[in-house]
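Report on the structure given below.
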Amino acid sequence: MNFFAFILKSAFFDFSRNKGRTFLTSLGILIGVLSVVLLTAFGLGLRAYIEKQFENLGSNLVRVVPGQVLSGGGFSNASSAFMSIKFEEDDVRNLERIRELKMTVPVYSRTVTATSLNEKKSATLYASSEGIFIALNLENEYGKFFTASDVEKRSKVVVIGPKLADNLFLSRRKAIGESIKIEGQKYTVIGVVKSIGGGFGGPDFDTFVYMPYRTAYTINTDKTFMAIILQAKTEEDIPTIKRKVEQILLKSYEKEDFSIIEQEELLSAINSIFSIINTVLVAIAAISLLVGGIGIMNIMYVTVTERIREIGIRRALGARRSDILWQFLTQSVILSLIGGAAGLLLSAIIVLFISRYFPAYIDLQSVILALGVSSGIGIIFGVFPAKKAADLSPIEAIRYE
Amino acid sequence: MSSLIQLNHISKRYEIDNNLIFTALKDINITLNKGEFASLVGPSGSGKSTLMHIIGLLDKQSEGDVIIDGRNINQMTDNSLSTLRNEFVGFVFQQFNLITKLTVLENVLLPTVYARKKIAYNVQKRGFEILKRFGISDKANSYPNKISGGQQQRVAIARSLIMEPKLILADEPTGNLDTKSGEEIMKLLKQLNKEEDITVLIVTHEEDIAAQTKRKIHIVDGELKT
């Protein structure tokens, strides 16, 4: 048997003789690793979900919104958005003249109550042009979308989300041709879009009501818009478009009154916020790892005290200080790794179960991190007890009763 | 005969508390030659165990020089002392001091785990041979708490031999044994001294044990008595 085999044997002998103690000590690390890995898994899942939502949107989009939305990589003070400007139809007309644009889509949005003959539901009104269906990458399940002429003629038509159709009319197919009452006005449902999901605290896109923006002037009496979505003909045109949009809008507004955001910028801004939130959460969870580490240190001190005589015997037989140090350090690392591996396994099971309802996954980085951190904790919190063991005087240790 | 261990003006003092100093050993001068079979005799509290611990490199003297095989240990590092304990000395204790979670054979082999020199022989085989010679090879895979006191002390002697030491230090080796087992252990130590030319120093308070050795070193109140 070599040195390591002897060390392992004595470590596992200790664990098997003190099963309860070993279990409880490892449990501390298990809980720590579990919380860190689970939070990371949720963070990763949520980010992937958001990115997927963005992918659902059309390509080469640029958004013009009021206020300074993006500054320094994140969202700036949100209160500025309340104080800020709203766009008018003239702005839309002016922007439409930019040659590089494929389309210009104004958006007015607010929460409304939608009523059918028997049901009354809360919905999000999205008043826009026919281009909104392309911008949001929507497909119709039944019926049709409204057209440019519907917008011009102020046709009293709407296209609704599938969930809203289910809730108001029992069936999506039957919804076509039915009347829906919004803010006292009657509209005819001409289309139902395919489900694109949503929820999880964000907007539920399946309960949206899409209406020609000019039709909506009875509701949007100010005739203003919260955003203008622009689609470039090609990706290369985007910088030119941004420049031209700025030139046009500066004629009517101050520079800080509006922002021109690319899809990518928005995504990276959201991602950066998510990383911050996730880092803070994981850091809080890491406190439990620290507590687990203190548990290990505590038990290692007890173990050293229990084995003082054995340490003395080993020293008398020729063990160096470093041999004793390694023996106890190995034991604390094993103890910590047992907890870490068990925590990882348990998180994998939980994630496997939860991923049916919530997008969460564990990546290789989390696995390496969990095992690395738990062995690190074993070393950091094991080194003091191990040092104590190594520094015992051989004669005092061997005489210890 | 050349000297194996030389103690020159060794004294040992402990500070108890409130600056109270207890002198355990006073100006001890001993030379132990190769192949000697000696005993260190004295009543309990005479300082004989302290002296044995100093010779065995487990404890350090307050003053004086310990010369082992021509080397002064005052100039040695903790690691070199560990190596010397491993290779030069074999300990046999009154309490046997076996590690209970290791088997008999593993206990015998434990010193080889800490060996820094290359061991030319097969340690497993050698360990088993020693156990066979001591009549306990059938207990090789037993645990120490499953065998008798006499057998445990034989395991301890087997362990002290595995590194082929030049010196065996036996601290009251028969103290925890019945008369018959005690006699057998003494016979074994005599045999090792005679047949393998290992220097043996037995620490005891029993005159009849000391009488079996060729040289008796008496110690009383920390001083040698001639």
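Glycine is no exception: its Cβ is also placed from the backbone N, Cα and C atoms.
Remember, TrEMBL labels are computer predictions, not curated facts.
Bear in mind that the values here come from a model prediction, so they are computed numbers and not experimental data.
Annotated in TrEMBL:
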DOMAIN    A:22-248  domain 'MacB-like periplasmic core'
TRANSMEM  A:27-50  transmembrane segment
TRANSMEM  A:280-304  transmembrane segment
DOMAIN    A:283-394  domain 'ABC3 transporter permease C-terminal'
TRANSMEM  A:325-358  transmembrane segment
TRANSMEM  A:364-384  transmembrane segment
So what's near the transmembrane segment (A:325-358) in sequence-distant terms, Cβ-Cβ under 8 Å and 6+ beyond its ends?
4, 7-8, 10-12, 14-15, 22, 25-34, 37-38, 41-42, 45, 200, 292-293, 296-297, 299-300, 303-304, 314, 367, 370-371, 373-375, 377-379, 381-383, 385-387, 389-390
Segment confidence, the domain 'ABC3 transporter permease C-terminal' (A:283-394), expressed as mean pLDDT:
91
Which residue counts does DSSP give the domain 'ABC3 transporter permease C-terminal' (A:283-394) for helix, strand and coil?
95 helix, 0 strand, 17 coil
